[in-house]
Amino acid sequence: MGANVNVERAPHKVALAANGDAARRATSGASAGASIAFYVLLAASALAVIGTLHFVAYVVPTEASMGIVQKIFYFHAPAGYAMYIGATVCFIGSAGYLARGTQRWDSLAKAGAEVAVAMGLIVLVTGPLWAAKAWGVYWTWDPRLTTSLLSVLIYIAYVVLRAFTGDSDAERKFAAALGVLGAANLPIIHYSVKMWGGNHPTVITGKGGGLGHPDMKMALGFGFLSFTLLTLALVWARYRVDLASARLAELEQEALEAGIGED
């Protein structure tokens, strides 16, 4: 009887292996091109970050009133912008999953949420360091600070939900709804100073600027460029990892159903 069972399972094993080989051949060229593009982006982001650090540390003049603490700004503002990028990616992935229900959209949403959390935490750490010098306190319930904190908490909730709950379609859709909801807070963060005032400056768009020296403006531009490249690289990396993990889980399930790996 045992021999008969093995004979019956053999065609399934052959079919599974053939399908896997065909899929690998069909995607090998595209995967190679994507891998090259990813590593180019990763190298560009690393060079941009290193260049920005060097420029801010050794070229940009020290601001007269705040001193060296002011240089935090060249990382604080770009990190906030990078958080917007991650949150927008999460929104796109979440909306795509609610509409299509495919793994790629779910992986994109997860990648965006995780990067939004990372960049948001940079904002929440660098902001109080700057505020302690500018305002004399590390934290005030300023409208922009409060709405930024709320946004970070939303994406932390998304990440925790995906990490510690199941992976069913219902749970994915609940997380996707949270990802869509989180994006609604982004315009509120952006316009909070104009709507409700507060202590938070509008250095970039406000009258009078605050970045009078050309090197200061250049440093801020480098900061935005480096954080944009870094954010895109991190989102892409996390997206690739999650897709690979999902594919591995799918192959393991197919192998179990075909009897591969059973004693």
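Cβ from N, Cα, C; glycine included.
All annotation found in TrEMBL is predicted automatically rather than curated by experts.
What TrEMBL records for 39-198 is domain 'Cytochrome c assembly protein'. What TrEMBL lists as transmembrane segment is 36-61, 81-99, 111-131, 143-161, 173-193, 218-237.
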Contact between the transmembrane segment (143-161) and the transmembrane segment (81-99) (3 or more Cβ pairs under 8 Å, separation 6+): yes
PLDDT averaged over every residue in the domain 'Cytochrome c assembly protein' (39-198): 93
Which of 36-61, 81-99, 111-131, 173-193 contacts the transmembrane segment (218-237) most, counting Cβ pairs under 8 Å: 36-61
Chain residues in Cβ proximity to the transmembrane segment (81-99) (below 8 Å; excluding those fewer than six residues from its ends, i.e. six or more beyond): 105-120, 122-123, 148, 151-152, 155, 158, 172-173, 175-180, 182-183, 186, 224, 227-228, 230-232, 235
Chain residues outside the transmembrane segment (111-131) and at least six past its termini with a C-beta under 8 angstroms from it: 69-70, 72-73, 75-76, 79-80, 82-83, 85-93, 137-140, 145, 148-149, 151-152, 155-156, 158-159, 162, 179, 182, 199, 227, 231, 234-236, 238-239, 242
Positions whose Cβ lies under 8 angstroms from the transmembrane segment (173-193), at least six residues beyond its ends: 84, 87-88, 90-91, 93-95, 97-98, 106, 109, 112-113, 116, 143-144, 147-148, 150-151, 154-155, 157-158, 161-162, 200, 202
